[in-house]
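The block underneath contains the structure these notes are about, expressed in structure tokens.
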Amino acid sequence: MRRLPSLSALRSFEEASRTLSFTRAAQNLHVTQGAISRQIRLLEDYLGTPLFMRHHHRLEITAAGKRLLPTLQAAFDSIAHTLDTIRADPSNSLLSVNAAPTLATRWLTPRLRDFQVRHPDLRISITNEYGPLHGTERNEDCQIRFGMEPLPGGQSTLLMRERHVLVGSAREFADVPADQNALREILAQHPWLYILDIDRRLLVWEAWLEAAALDVQIAPRGELEFSTLDQVIHAAVAGLGIAVADRHMIAPELANGTLVQLSEVEVVGPSGYWLDVRPEVQDTLRVRNFSNWLVEHHSEKTGEVPGAQTASNARCAANPGA
């Protein structure tokens, strides 16, 4: 183990030697003049020889100080160069995130500008790949996954639970139904839009109808199926039918009035969006910054929503491609 004086003492000597002034050295290092003087004295005690001759209003570096100074300057230059090289390494400046298409388009991308402003030197790659994050062919830093539970043995943080509401095009529905009978009439007279999980429908409709205390046997005028929630949302805006959709994903349409909520019933589903991080990169600065930013600024503080009902079971299965 190397027996060396403190880095503070070495930095103080290097700066004082460069400026030949304890006062200017203190200003440059943002410490007091007394602190510089103490650090120099500690270094001189360690070496057993003075490094400066202290004259009235000026310093003169001694022969020992002149021997030490170029070695210190070369060492600090080497440290600075290595740190700059590490910071400039492309592998340390690329954040790769895997996210489902609808979430990436409707939720993540509109928020990325804020993260980009906070970390302008970071390159960002957003992809959509199926399969486990820890698979041999996957190398993303992290993923935002739609599911019910955290990954076993991994680092998973719940960002938000899905919040299902019934919506339709503002062009089709000028007013929200006044009562259950009017709502039943709307449900029976319009096509229902469904989200597919591979070859089966997600059961968001059944969970919402149950929470709304409506007959699950209501027969709609027609049915349309789509492979992603984003397609369902576009279909609803176009007036192709009514949909049960996650409020997080339709926030822009609800805000600009292109979609209207047809019932106050809101169901907190069993699934949600999780941030999963690969263990190998969880301590890197880029991943820590991204994780902290998501959790602090863009996650729900709780999975429960005041006034909303919770789905009683796991019928709303996870859809990795939603």
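Numbering starts at 1 and runs along the chain as it is shown here.
Even glycines carry a Cβ here, placed using N, Cα and C.
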Of 37-58, 147-168, 279-300, 301-322, the range TrEMBL labels region 'Disordered': 301-322
Number of helical, extended and coil residues in the domain 'HTH lysR-type' (5-62), per DSSP: 36 helix, 8 strand, 14 coil
